[in-house]
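These come from Swiss-Prot:
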type: MOTIF; residues: 59-69; note: motif ''HIGH' region'
type: BINDING; residues: Glu577; note: L-isoleucyl-5'-AMP binding site
type: MOTIF; residues: 618-622; note: motif ''KMSKS' region'
type: BINDING; residues: Lys621; note: ATP binding site
type: BINDING; residues: Cys906, Cys909, Cys926, Cys929; note: Zn(2+) binding site
Amino acid sequence: MSQDYKTTLHLPATDFPMRGDLPKREPAILERWERDDFYAQLRAHAKGRPLFLLHDGPPYANGQIHLGHAVNKILKDIIIKSKHLDGFDAPYIPGWDCHGLPIEIAIEKKYGKVGVTLDAVQFRQKCREYAAEQIQLQRRDFKRLGIIGDWDAPYKTLDFRFEADEIRALAKIVDKGHLIRGTKPVHWCFDCGSALAEAEIEYTDKISPMVDVAYPALDPSALAAVFNATLPPDVQLAVPIWTTTPWTLPASLAICVGPTLDYVLVEGPTHSGQRRWLILAEALAAKALARYGIAELLIHGSAKGAAMEQHIFAHPFYPDRTIPLLLGNHVSAEDGTGAVHTAPGHGQEDHQVFQQYGLLNRYSAAELNPVDARGVYLSTTPPLGELTLAGLHIWKANPLIVDALRLRGVLLAAAEMHHSYPHCWRHKTPIVFRATPQWFISMEQAALRSAALKAITHVTWYPQWGQARILSMIENRPDWTISRQRTWGVPIPLFVHRHSGAPHPHSAALMRQIADRVQQQGVDIWYSLDQTELLGTEADQYEKITDILDVWFDSGITHEAVLLERGLPKPADLYLEGADQHRGWFQSSLLTGVAMDNAAPYKQCLTHGFTVDQHGRKMSKSLGNGIEPQDIIKTLGADILRLWIASTDYSNEMSLSQEILKRTTDAYRRIRNTARFLLGNLHGFDPTLHLVPLSDMIALDRWIVHRAFELQQTIKAAYTRYDFAEIVQTILNFCSVDLGSLYLDVTKDRLYTMREDAPGRRSAQTAMYHLTAAFVRWIAPILSFTADELWSYLPGDHADNVLFTTWYDGLAPLPPNAPLTAADFDKLLTLRDHVTKVLEPMRANGVIGAALEAEITVAAAADTAARWQPLTEELRFLFITGDVTVTPANTDGFFVSAQATTKAKCARCWHYRADIGAHPTHPELCGRCITNVDGPGEQRHWF
């Protein structure tokens with residue numbers, strides 16, 4: 001009767017659960033972190049280390065967090081935690097952006113506009129309360145993601161101290177000569193009733209009217225002479241302009257052409273039986289004439305654009321307004337006619353041209369910009385014939401103006417155009433350029449542009465294309481409009497002269513005094529302040545301005561209001577945000593940093609892409625393809641979300657779907673199962689008692705420690721360059737290939753069948769201890785909850801949390817004089833692969849069942865055979881086969897053959913051995929198992 005030898009085996013045993021059950025287990029871990037003040041402990045353990053400062057860009061305090069928020073915060077958290085393991089003190093101070101329009105809109109919906117049911121002070125208080133509520137909700141969700149930080153003392157742009165520091169930052173900028181006031185065209189949203197920053201604009205497709213309008217020459221013969229042509233007496237001469245904004249024509253004050261472009265004088269369409277010659281850019285003439293119904297290009301002359309400068313034209317519908325022709329380098333021959341109508345109140349380039357020609361002072365504010373803040377023509381706007389423009393909204397005026405142009409005979413062509421057009425990011429409505437008195441940070445007055453361009457080159461950009469992108473933006477951006485005509489924000493505390501409009505000569509000093517008061521009483525003090533307290537006898541000569549600061553200025557000065565205020569160094573080591581922040585926070589921070597300190601406030605900038613579905617479509621409720629982070633956490637756990645983020649190339653768009661989440665869960669399961677198997681085989685192992693020195697380890701165990709050392713070097717380098725996808729892939733490959741398909745499979749025999757205290761078994765356990773101690777650190781920044789759980793099962797004495805340690809120092813490379821070198825193992829593993837390939841058809845054809853039923857013969861070159869023959873007795877354990885024979889052969893490589901064994905199977909280790917049945921007490925066991933059960937135990941050297 002056969003005996004049950006199972007009790008003589010040392011099978012894996014661990015309480016570490018097979019199932020992660022993350023939605024239930026993570027909250028308990030989070031509760032413990034809260035109870036133990038994990039962040040404070042982390043900082044205490046890191047005290048005295050070099051500082052690594054990742055400065056948090058503030059999310060807006062409005063609404064639930066979405067997947068983009070989760071991506072951003074988790075990437076930051078991975079970096080912070082990896083830096084702690086790398087030997088740094090890496091504080092993380094989260095922040096919130098609290099002022100601005102979205103909160104105003106939320107309060108207006110609930111209470112009405114300012115001055116209706118609430119005065120401005122009450123309105124701001126409601127905004128403050130609303131922001132505080134939103135922060136609480138978002139903070140809860142961020143913490144649930146496993147984000148570790150100073151959640152009890154975050155920075156908030158609504159804090160009195162922050163608002164005061166923001167005013168002090170503005171005072172510095174005033175001191176440096178960067179602040180100017182001017183009437184310039186700025187992005188304007190009629191729904192907001194305010195100017196918009198570049199970062200508050202998004203481009204969406206829009207259908208616009210597209211018209212070609214003729215501007216008749218007032219001295220046609222002189223203009224024709226420029227083209228060396230003689231104008232017949234019965235022929236009109238005009239320059240057609242092409243525009244998609246007919247509503248701007250009442251503000252049209254000039255025509256611009258390109259000075260170096262080639263223009264031709266061509267035969268145009270007749271009007272009321274009268275011939276008409278037109279001036280068109282040569283490159284666009286045929287296409288333009290086709291729009292006018294003319295197939296043949298008949299040229300009467302040619303000239304450069306510069307030759308037409310200062311010729312005078314009639315306005316298409318205001319007969320008493322003369323239109324000069326000016327030169328503008330912004331005019332191109334890409335589309336249209338090569339001539340653009342110029343409305344300096346509604347276009348930045350138009351405004352610049354008028355500035356260059358010194359023409360701005362010739363016109364009233366209403367002539368430059370006849371449109372009010374709501375998008376309605378002013379009462380002073382002249383009618384267009386019988387069409388009254390005053391009081392008419394510009395979008396309604398567009399088709400009426402086109403009809404009026406047609407009646408007057410100056411409309412050459414009209415159609416509709418589908419194009420990308422700027423919209424307000426909040427209201428999703430089209431915006432315009434509108435000249436209004438605003439406060440600007442000048443890009444030129446104190447050489448801010450050139451200094452910012454230089455500073456960009458001293459920053460490391462991830463990905464590298466980020467540098468070229470922001471360089472292009474800074475090169476081409478206009479002055480920064482920092483004033484807003486809203487209620488909820490930090491005031492621009494300037495006193496301006498009642499008559500000249502000039503700021504008080506001691507503005508910066510006054511602003512600092514006001515900042516001191518704001519720090520104690522908040523921004524309301526500015527509006528209630530009796531200015532005689534600060535200005536004394538000058539008070540009657542000055543008035544306060546009521547504009548507030550752009551919210552991008554709020555977040556743009558956090559390097560001053562947060563880092564300096566908390567004693568942290570500038571510049572920060574890293575800013576990390578979405579790719580849209582090249583024109584947002586990265587840029588506003590850069591400009592304020594350079595304006596104040598002549599340096600960028602960051603050493604490195606890293607950007608991540610946006611989340612899309614598996615088809616590359618933006619996630620949205622309307623498409624029904626959105627996946628919320630809260631749903632992932634409830635069903636799968638935060639670590640699954642964290643693993644997806646880490647495993648994705650975040651430099652591009654990040655695809656997510658249920659199928660991708662399933663694959664991520666499978667990857668997580670592989671990591672968890674590997675950790676569980678390692679822990680299971682550490683049952684009964686105490687590193688203080690049983691750890692085997694590296695030099696005494698079995699060769700295979702020593703090699704896997706060497707492989708782990710190599711991987712740790714790779715992983716550390718990848719964390720340093722923020723390549724988390726490489727880390728995940730490296731870990732998964734290690735789990736599947738080095739461990740799953742090789743090391744763990746091979747060492748099962750030793751771990752299960754040897755005596756508990758056998759040196760060969762303790763050697764394998766030592767290797768697995770080293771692997772687990774390193775492995776838990778590798779995954780800790782990414783799988784924070786799982787690493788915390790795994791760490792608690794690691795045998796031996798250690799710190800309370802894996803993040804209180806640094807990278808594992810128990811790994812080491814194989815020395816060059818090792819009995820089996822890394823090169824030897826490369827060859828042996830290649831041989832092992834060949835053995836597997838030889839056995840596959842034998843298994844498929846039923847010659848053998850398991851590989852243990854095969855006996856292997858390896859014929860190799862003499863020197864290779866001589867190297868491998870000492871290993872012969874143990875090669876069967878590496879191959880997990882029956883006996884292995886190595887013979888020398890006349891070959892450069894090696895040849896593998898196999899045959900089915902005729903030997904009996906051991907009932908305990910399942911190996912097929914010739915000595916089974918030789919022992920009377922254990923007739924079913926091989927000699928090796930007998931010595932492991934009843935004797936001193938087997939000896940192993942190699943595998």
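Positions of Cβ are set from backbone N, Cα and C atoms, glycine also.
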Tertiary contacts of the motif ''HIGH' region' (59-69), as residues 6+ beyond its ends and Cβ separation under 8 Å: 96-98, 100, 102-103, 106, 131-132, 134-135, 137-138, 141-142, 156, 578, 610-611, 619, 626-630, 656
Cβ neighbours of Cys909 (Zn(2+) binding site) where a neighbour is any other Cβ within 10 Å: 20
Cβ packing number for Cys926 (Zn(2+) binding site), 10 Å threshold: 27
Alpha-carbon spacing, Cys929 (Zn(2+) binding site) to Glu577 (L-isoleucyl-5'-AMP binding site), which is rounded to whole Å: 61
CB contacts for Glu577 (L-isoleucyl-5'-AMP binding site) [other CB atoms within 10 A, all chains]: 21
Structural state census, the motif ''HIGH' region' (59-69) (DSSP three-state): 3 helix, 1 strand, 7 coil
CB contacts for Cys929 (Zn(2+) binding site) [other CB atoms within 10 A, all chains]: 27
Listed in sequence order, residues not in Cys906, Cys909, Cys926, Cys929 with Cβ within 8 Å of the centre of the Zn(2+) site Cβ atoms: Thr753, Ala907, Arg908, Trp910, His911, Arg913, Ile916, Leu925, Gly927, Arg928, Ile930
Other CB atoms within 10 A, centred on Cys906 (Zn(2+) binding site): 23
Cys929 (Zn(2+) binding site) - helix vs strand vs coil (DSSP): helix
Cα distance (Å, whole number) from Glu577 (L-isoleucyl-5'-AMP binding site) to Cys906 (Zn(2+) binding site): 62
Separation of alpha carbons, Glu577 (L-isoleucyl-5'-AMP binding site) and Cys909 (Zn(2+) binding site) (Å): 56
